[in-house]
Amino acid sequence: MSSYFKPLLSIPLLFLLLSAQQAVIAEVDSDQAMQLRNMLEKRIAEIANNEKMKKRMTKEGRNRTVLCNTCHGDDGMATQPLTPNLAGQNPVYIVDQFQRFGDGRRNDYLMSNLAKTFTLEDKIKIAIYYAEMDMRLSGGGKPELMQEGQRIYKEVCVECHGDNGRGQEGYARLAGQRYDYVVKMLKEFRDRTGKRTNVWMTGVAIRLNDQDMEAVATYLANLK
């Protein structure tokens, strides 16, 4: 039986399993982070409801993505392996990830340094730009695991990422995401490599074996 059927670990036990450093970093967002998130949601909603402002922000965002396009593509569809598609991604989520790269909650040599060069306003413009693009299916994966992947996704992922994979407000859109990237991220959460720290995602990922992850990634890569 697949590991996702195992009972969810109790929260106290989960925290004991995490390293002390990771648990501190991965705790529920601080008041400051939550205030920033709330501000971003309001700001991006304001932009979305003002067509003139949205067009201006999209244009200015495009001008700031010259370096981003090398890996993420000029249409938001990744051109490099193990790199996420950004087209159609939830803008609040994009800005939040920029913040995490910048403050060390997420670690990648290139992205961590790049994030520090952008102002918050730059990040919002870039997020709006990518959010306006159309996500195309990545496809790929292991077709024989598609049905299993759907079962696992419905079991443990829909609460935050939505039944259609497009994410609740502020959460990642996963529908159409690259197969290799989803597998990579799930393993980083499960194996606690220090590159990503999120206590809730770790709590999900430690319940999955490699095949479970490949199944979920296949389902998402082919989900419109």
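Cβ atoms here come from the backbone N, Cα and C positions, even for glycine.
Curation does not apply to TrEMBL; its annotations are automatic.
The signal peptide feature in TrEMBL is assigned to 1-25.
Summarising the annotation, TrEMBL assigns domain 'Cytochrome c' to 45-134 (among others).
Marked as heme c 1 binding site by TrEMBL: C68, C71, H72, M111. Counting every protein chain shown, the number of other Cβ atoms lying within 10 Å of the Cβ of M111 (heme c 1 binding site) is 17.
Positions annotated as domain 'Cytochrome c' by TrEMBL: 144-224 (among others). For the domain 'Cytochrome c' (144-224), residue counts in helix, strand and coil come to 49 helix, 1 strand, 31 coil, using DSSP.
Per TrEMBL, heme c 2 binding site is recorded for C157, C160, H161, M201. Take the CB of H161 (heme c 2 binding site) and look out to 10 A: across all protein chains shown you find 19 other CB atoms.
Per-residue confidence over the domain 'Cytochrome c' (45-134) averages 96 (mean pLDDT, predicted model). Rounded to a whole number, the distance between the Cα atoms of M201 (heme c 2 binding site) and C71 (heme c 1 binding site) is 25 Å. Other residues of the chain with a Cβ within 8 Å of the Cβ centroid of C157, C160, H161, M201, the heme c 2 site, are V156, V158, E159, Y171, A172, L174, V204.
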